[in-house]
Amino acid sequence: MPYIAAIDQGTTSTRCMIFDHAGGIVASAQREHAQIYPQPGWVEHRPAEIWERTQQVVRGALAQGGLQASDIAAVGITNQRETTLVWERATGRPIHNAIVWQDTRTDQICNDLAQTDGQDRFRAQTGLPLATYFAGPKLAWILEHVPGARAAAEAGDLLFGTVDTFLTWWLTGGPQGGVHVTDVTNASRTLLMNLATLDWDAEILAALRIPPALLPAIRSSSEVYALAVGDLAGVPVAGILGDQQAALVGQTCFAAGEAKNTYGTGCFMLLNTGPQIIASQHGLITTVGYKLGSQPAVYALEGSIAIAGALVQWLRDNLGIIKSASEIETLANEVADTGGIYIVPAFSGLFAPYWRSDARGVIVGLTRYVTKAHLARAVLEATAYQTREVLDAMRADSGMALRSLKVDGGMVFNQTLMQFQADILGVPVVRPKVAETTALGAAYAAGLAVGYWPNSAALCAHWGVDQTWTPQLDEPTRTGLYQGWKKAVTRTFDWTP
Ligand SMILES: Nc1ncnc2c1ncn2[C@@H]1O[C@H](COP(=O)(O)OP(=O)(O)O)[C@@H](O)[C@H]1O
Ligand SMILES: O=P(O)(O)OC[C@H](O)CO
């Protein structure tokens, strides 16, 4: 069987991509789904729509390639992380919409938990600060707010999952024998898993009042979990990776010290730290990078930025200044700079390196001179500045000097952004030939599990450079611009109680 399929269920869309032995794309299909904003700071997805879109893109990709299930050696799943679902074991009926990773409704739950020992209460076990971003508090919120949910959970009638778990359950039969599993990378984003034991942490479950009965089994990122039914009938579901970890694998960052940065809805830099669990002193989080079958887990330091491409979408959908995301580049290039303004998009508070849920977005430095072109430029630069903050933290935590940054994701086709990124970092930025590294990483995990590829070393040969941007800016200008950004960030603090 010549191909491997990957399902990439992202924040704004779902893709299915089919890869050949050289890691080349043979067929693909993509569908968007609705973003639901019931209140300021709340973000939901409809679980039924996520499953429907998944089935549609699987069918679409198979049809585009003229393929059927028997042509696929294995399927891998990669997903938006932390997004939380709870459904009935017997029927599959969700008891609430999916609460998306960007959603801030668990602010109070997190603050209450932080009353004992502060925001880092569970950091030693989980590598994470107490923040609205992670799945555990979202699950606690559902159990508290949906009538009857706690009793049903305790009786074993409900199942919890992040998107990987939800899709694997449905792909392998749903109420008719679907497997209830997650992988170590997704579990490491719940705030409920102990990084050292790779198992649920009983003390944290008790503190969040989460009954163990509704939790999935935690498995490696690359093994056969079960065979699929439906359109992929008989195909082994053999890889699960959170999308940012999948990009790490897709970029073949298999050696300690290798890093990648993915520019999608948010922006996420991961640095492979090998078997070492490094505790960040500079606002990063510690997470599982991947675990290939029975091999030991590989850990990573991560800088998570909540709003990157989402700010471009906001300019398009909420302000109507551009009609498509790619138009931002033409508009931004009408001017040479931002006219002295900065936009800090703290729409979900600020994630790394600040972890401030009390922050909200600002535009600073406004004068009558400023036009929508300056605004467009400031939107692009905001992603580059946030990345600089994360890279500085990574250098400080790891003591490693990064010689270049591997990038991927939807925003890396924006030349203006990528040049400014190299300028503000002072290191070259490199885009690989296959920029769909997230889907590729999930395909690699699945393919390794079934022997389609022999080992991770064999995958490194697939990686090649497409484009490199080298820094052009002089050091004093770079420093001056960055100092302005740091000042702008302080203006977002203490906005909500
Ligand atoms: N040319 C572009 N310039 C700037 N941003 C872009 C461009 N093309 C796409 N984007 C942004 O990239 C994001 C889509 O990237 P993608 O990797 O598909 O994201 P995700 O996996 O989070 O859904 C969107 O937020 C969109 O606004
Ligand atoms: O859907 P993406 O690509 O924006 O990724 C979302 C992240 O996994 C959130 O942690």
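A Cβ is built for glycine as well, from the same backbone N, Cα and C atoms used for every other residue.
Small disclaimer: the values here were computed from a predicted structure and weren't measured.
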Problem - Listed co-binder of ATP (same site as THR11, THR12, SER13, THR265, GLY309, GLN313, source TrEMBL) among GLY118, GLY156, GLY161, GLY410 - result: GLY410
Handout entry: TrEMBL glycerol site partner of ARG81, GLU82, ASP243, GLN244, selected from TYR3, TYR133, TYR299, TYR342
Key = TYR133
Problem - Among ARG15, ARG81, the one of these binding-site residues whose Cβ has the fewest neighbouring Cβ atoms within 10 Å - result: ARG15
Problem - TYR133 (sn-glycerol 3-phosphate binding site): tally of other CB atoms within 10 A of its CB - result: 29
Exercise for the section: Express the distance between the Cα positions of THR265 (ATP binding site) and THR11 (sn-glycerol 3-phosphate binding site) as a whole number of Å. Expected result: 7
Handout entry: Entry from the binding-site residues list THR11, THR12, SER13, GLN244, GLN313 having the most other CB atoms no farther than 10 A
Key = GLN244
Fill in the blank from the handout: Same-chain shell around glycerol excluding ARG81, GLU82, TYR133, ASP243, GLN244, C-beta within 8 angstroms of the CB centroid, reads GLN80, THR83, TRP101, ARG189, GLY242, PHE268, SER304
Problem - Under 8 Å by Cβ from ASP243 (sn-glycerol 3-phosphate binding site), same chain, sequence gap 6 or more - result: ASP8, GLY10, THR78, ASN79, GLN80, ARG81, THR262, GLY264, THR438
Practice task
Please determine which of the binding-site residues listed here (THR265, ASN414) has the lowest count of neighbouring CB atoms within 10 Å.
Solution key: ASN414
Completion exercise
Among binding-site residues THR11, ARG15, GLU82, TYR133, THR265, close to ligand 2 by Cβ (under 6 Å) are THR11, GLU82, THR265
